[in-house]
């Protein structure tokens with residue numbers, strides 16, 4: 001019996017081990033879904049610990065699979081746990097966990113990329129953006145195939161304060177391939193500095209917590225795994241629309257080893273391209289001979305602010321697509337060559 005005035009800590013009743021669950025339901029990781037199971041509960045506890053204080057919190061776990069991290073989350077004393085699982089094979093094992101924690105677990109058989117998280121949590125948990133983060137957490141051992149598109153989607157949600165961030169600055173603790181984790185947290189000048197570095201760091205405080213060796217997973221992936229924690233910033237470091245920042249950053253990094261001038265050129269149509277790129281870099285006060293990975297966050301901010309002004313002056317500029325321009329030039333060249341060949345045949 002609990003001591004007077006104290007609430008007894010929640011404990012799961014005795015359950016089959018994760019390995020036994022896998023055998024019981026004949027679960028096999030599917031390579032095409034890049035699934036890897038984490039069976040060591042000491043490691044799942046360590047992942048959950050990175051999320052912070054979870055007692056009485058509301059948590060969404062993405063892709064719980066056989067339920068290793070799920071057990072650690074429940075053992076942390078959460079109020080409610082929402083499980084979103086795409087693979088129907090895992091649902092029976094998760095239902096067993098749900099029955100072991102009555103009233104605490106809700107299971108959704110669905111795809112996190114399309115699931116509407118704006119109604120996932122009670123309204124009373126909502127906080128103003130300037131306040132401390134709400135008592136809501138997103139945790140997940142993400143399949144490698146979905147991790148990058150998913151974090152980009154959530155960063156867009158952070159920028160617009162919608163989706164799971166409609167409740168405030170919801171924190172996330174997620175796994176990525178070690179290399180992706182290094183990109184997310186890379187500093188200017190670092191080898192791993194990339195588009196992901198800028199998109200994540202201008203919107204969130206990003207912490208690379210620790211690395212899990214590949215051999216801890218079943219089946220063993222060819223790479224190690226990084227656990228990364230995200231806390232949205234009160235004020236983004238680049239105060240421009242997500243789509244504009246993403247377009248400029250993508251353009252810069254598509255020629256990673258060349259001078260940043262080369263990538264920024266692709267923001268402009270061929271007519272007047274050099275002059276407008278020069279104007280962008282001079283106004284933003286950025287050295288055109290710097291490589292993309294050498295640019296600081298403040299330099300990216302200056303570039304985005306200047307590009308925004310240029311787009312406001314020329315509304316057609318933002319919709320310009322460099323790749324489409326290349327495709328059209330290629331089509332015209334093929335048509336010209338075909339016409340020339342036809343004329344030669346006629347002459348013969």
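Cβ atoms are placed via backbone N, Cα and C, with glycine included.
Annotated features, as they stand in TrEMBL:
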- 36, 38, 63, 85, 111, 141: S-adenosyl-L-methionine binding site (BINDING)
- 43-234: domain 'Ribosomal RNA adenine methylase transferase N-terminal' (DOMAIN)
- 329-348: region 'Disordered' (REGION)
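A map of TrEMBL features onto the structure.
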residue: 36; record: S-adenosyl-L-methionine binding site; Cβ within 10 Å: 20
residue: 38; record: S-adenosyl-L-methionine binding site; Cβ within 10 Å: 21
residue: 63; record: S-adenosyl-L-methionine binding site; Cβ within 10 Å: 23
residue: 85; record: S-adenosyl-L-methionine binding site; Cβ within 10 Å: 23
residue: 111; record: S-adenosyl-L-methionine binding site; Cβ within 10 Å: 12
residue: 141; record: S-adenosyl-L-methionine binding site; Cβ within 10 Å: 26
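Mean pLDDT, taken over the domain 'Ribosomal RNA adenine methylase transferase N-terminal' (43-234), works out to 95 on the 0 to 100 scale. Largest Cα to Cα distance within the recorded S-adenosyl-L-methionine binders 36, 38, 63, 85, 111, 141: about 21 Å as a whole number.
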